[in-house]
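Features reported for this protein in Swiss-Prot:
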- Asp169: active site, nucleophile (ACT_SITE)
- Lys97, Arg104: CoA binding site (BINDING)
Amino acid sequence: MDHLPMPKFGPLAGLRVVFSGIEIAGPFAGQMFAEWGAEVIWIENVAWADTIRVQPNYPQLSRRNLHALSLNIFKDEGREAFLKLMETTDIFIEASKGPAFARRGITDEVLWQHNPKLVIAHLSGFGQYGTEEYTNLPAYNTIAQAFSGYLIQNGDVDQPMPAFPYTADYFSGLTATTAALAALHKARETGKGESIDIAMYEVMLRMGQYFMMDYFNGGEMCPRMSKGKDPYYAGCGLYKCADGYIVMELVGITQIEECFKDIGLAHLLGTPEIPEGTQLIHRIECPYGPLVEEKLDAWLAAHTIAEVKERFAELNIACAKVLTVPELESNPQYVARESITQWQTMDGRTCKRPNIMPKFKNNPGQIWRGMPSHGMDTAAILKNIGYSENDIQELVSKGLAKVED
């Protein structure tokens, strides 16, 4: 297989990934592959571009490093071109409502007829099967959070609240990435492809497991947070200092002992309620939980963030200032690791955004192009799989493909 023009880099160089999906969840999976060196083809509708394009800045991050193909993959010759593309594809990711592809004739079996080794990842809100009431419903971030039990655990004691920005989309996209790579490993070993059914609500069910386990195995449901503090453990969560907010985790035997000395509670150490060797202070079950919070609040309010960070570093207590977005760029850790970078968009503008993560030492990722325009690479991709100029123009004239003007 001849690859499309692009630099060779990263741990996934030589891999061809194709995705069909809009907005965040499915495309985020494609984005991760592209940043790690895979050749990633982004399929868009011919008549309507991906709705993410209406956003002024985010698409330049979420669609960088991609090749843009505008093709009607469900109709006539457009479908034929798509299936021919699948013959040279390693991983195909589609994000839609339930078994939408199967309903329109593109089943796993049809795809495997063209490429027996193909890894197929289906990403939807409620899965490829189940009840009619749910399977075919549309879903976005908040829907998956609400249906999974994740949303009800977040927010404040007075009201549940979704976790933003778009947590379910990113978790689901990353799940698609890791699952597809696991399936690819097996497919290369056996010569047999795989189909992966990723339901966004099940991803969030898994991510929300920590507190749910107490309900499933004892009928006890954890309360929601109060003003950003951990619902279970004292000394954990969001706290206010004299000049702003920090988060902290009071975890560990020596950490608790030394912190209690600072806040005036050393006399409680070694009591039946806080025996020697205590590693966590339970906010509810420990009768001194409210007192610990009261004393800690008072101590923190009397000190600046810098003073707290310095003291907690001495005590090995994990804490961090709650940074504002403008503070990120000048933070020395961000600067040292180049966590924020910039590149040129396709129209020559400078775009500043988060850098590639994680950082591979021997085969690092790379940003080699900005977001392509609608249909920008259609002709190049179709030529790559054997189509002539006349073939491409015929697809365009029938409204089955769009090429860049």
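Using N, Cα and C of the backbone, Cβ positions are placed for all residues, glycine too.
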Under 8 Å Cβ-Cβ from the residue listed as 'active site, nucleophile', six or more apart in the same chain: what's there? Glu23, Ile24, Ala25, Phe28, Tyr140, Asn141, Met200
For Lys97 (CoA binding site): intrachain residues, at least 6 apart, with Cβ closer than 8 Å: Ser124, Gly125, Asn136, Leu137, Pro138, Ala139
Ordered by sequence, the long-range same-chain Cβ contacts of Arg104 (CoA binding site) under 8 Å (at least 6 apart) are Phe74
Where does Asp169 (active site, nucleophile) sit by DSSP, helix, strand or coil? helix
